[in-house]
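Contents: one structure, followed by commentary.
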């Protein structure tokens, strides 16, 4: 009963994907970087012009010359603004393209997650990746990447400009390098862990809130308000511990890194000032180099800030890519030769060493109704999953028409054998589309016939927009029974020759089950039905009954045969009918 | 460091959105003040640096006096140190302010959510509560940080303005008028962007709806098909979101360019004018350098001011949501009616005590009457209730357990007194209803079964045995200590139902109402559950609403409720089977697929 979780992609894979993105859009990336570079260059001109202007002014330049410099600086600002506009626009456009491709690929991965994994891991983790991780990657692609790119380009160009203006003064910048290296190394070693811990602390928080909101009725019925309040306080306290980690990290890194940024400003001023008084450089040059040093502070700070975001984005990126690593194997291209379903000596273990089925052989006669009975946990549902090809037997074979179930392509398999579970998710779409998804090529009339078969046509017609009424989240509300009818209409439309019913009616709100009998009967019409039975009446009505006991097929035969044998089924039956549940009266 | 979350204090009733923001900031004024002081120190360090550098240029470099130059550099050093070293404290104060608000609002939402979602029974979707917790909380948590940004921006602006005015009335005046004017201009430009941004956000949220919907319904999609259709649907929305995003790119890039242009023009303009003043001898070169520095600096408070306005606007929208949440009245008044109810209950108790003395019949000690159906539950009995109509069954359960809004036309009486007049807390202690599909909370199995932690392991295991769930506990590593995921995903439907039934047994109420407690389990388990629950509840009133012969068979007495919702027959299970054709119909039709 260990929770199975979706994997995260490894570092290698993440790097390969990033390289792939770069290669695909290389030309546009280069243009964006060039535009940002050009705008940074335009921004570097004014400090240089101010320096020269100061030298001219100390040399006694007149107002006309001063205005010339003013106009030149203004022109630089204009050019910079225009370049910034183009740079940002192309970066945003490119970001949209890249991110759109990523999310489309991700969705296609999500829709290929193997059924077995969905069944055992639940959909919660997938929903988290679909919402939080995608939005985190979006933030990275749209903001963190371009902003850190701008910052990096600006830093490099500013350093180059300072070195060109006066290598002698600019060499003073180097004084900051040792401190910067120590601080950054210290920070990088710790940051990833701190931010990962903090990122992980949000999940339990939303989980607790979601549980409280969704379980509101239970909270009320059992007076659990205090318990739930304590739960949120607990997760908040745990989140706070991670937040303190972040605060402590930044308490150290921020003063030291800022000190490191201040060193070039101060050093170039002091050193340049001395050189200027010695007559080796002009005052203007000192001012320019000092201004460049000051101009380095903002992009360097941005680089540190965005490093966090980039780290978070990378973590999410790995989680998103991870979904693609569990793609369902496309299977073979086997074609079943008949509609006969069979299990041959299958064994199955969810965990090694904990075998659930110990060699079950079962041949289902086409057209028959087979009931599988047995105590909870005997392995009935596992059997159903093997028959439907959701899980692979550890040993033995599950077959349709003489070929392995898993070798039959998925699309084809669904037209052969379909597992009907209690799950009846209604999508935010029209009634028609909700049913049509079982057979997307089906015309409206086919869908309508399926709705009629399950008795849904009447109430569908009475909906505000009839069959085009939007249902599901945010749409017209449906009752549990109505949702179930739509789910069954999907089965009718999918039209498999063999149906496996697992808790199809019994695990939903039983109060709705009654309305569904007719619908279910219509669905079963003309098909082979394998029913996982909780109610003995189901077994009584079946052509044959298979009794599963502790992972083994204990008994197999008709109702009468099994009664005559006097085994465990006969015991169960006697216990049940003695309580008045005899079906004779019906 | 302080402990977060802090003890919860509810905001005042009927609070306005603005009032809520004030309350939120007021609750943590100490750290808000700390943050503001740090912000001021931080910004002033930056603001005064150009001034010291200007002096260093004039008195040092221009005059050729390295001693004077070094002296002024000596002023720059502490200013820079101050700016650098305060960063840590400033960030700490900001984070603490953020986290304090954040946990306070989360606590508030968590506390309101269960009440609100039950009360509305769809007035507010549970999903909306979670959205509130993820987006509105963010918007609100920046408010406390913003106070410092706003105050420090204003103070540093004023300081620089004064220095500038002292140096040059013209330049000072220009900065004082120009900076706010540019700032306002920028703000208006950014605001005009909003329409397109909203369009883009809507397109994105439509796309996200499809994505979330397909992730949630993935079992269906993977089971029966439709993946390609969904992918096409998603791609369509995704392309629309991309196009909307691209449409925003143009105005956004123009806005960014204007920011550069406005800030640049400010700096260059001041320098230009300053340079002309220098040529006229009205300004020194050092002062010009200072001006250049000031003009560059002024961009910062302007940005902070703009940011403050944006944060305030967003926070106000979020605060409106929260205020709306606080306005939803609970279904059952908790405090107001409690006093009146307690008095009435005390009176009723006295009356019952008096009756006890007079009457010998022990079944009269305690009874509950549902007037709508005519159903009467007596103390100590195990009552089976067979209801043909599903809706009627649910309504009956909700009435007895007071889980639906109080209805004056459908009174339920405990000792003859309407339960609507009793304090809701008392009702919840005395009467517990258990749903057929139980909602299980995550945590250890022990917490799941006994959420309030009131029972010892022996009792818990006894209840587990009563619902024939011992095998579930035995099968997991760690027994009661095993961690169970959200909604008990690890367990099958039948296992969840049994665990839910055990949980309701362990709440040990005076009256336990079990609604279809065995609908998801096989017949032999059902038989053991029925017997086990009967034994566990011996001597305490228990109602089992069910159509299963195995459950009804163990009851002391069975009542049959017809489609009109009224009791039409009462008696022992066998008796009713013999005599009532309707009863036979209800009980036998329930037997699943036929």
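Using N, Cα and C of the backbone, Cβ positions are placed for all residues, glycine too.
Check TrEMBL against the ranges A:234-255, A:256-277, A:278-299 and you find transmembrane segment recorded for A:256-277. From the options A:94-112, A:113-131, A:170-188, the stretch TrEMBL describes as transmembrane segment is A:170-188.
When TrEMBL is compared with the stretches A:29-46, A:47-64, the one noted as transmembrane segment is A:29-46. Across all of the domain 'ABC transporter' (A:341-575), the predicted model scores a mean pLDDT of 83.
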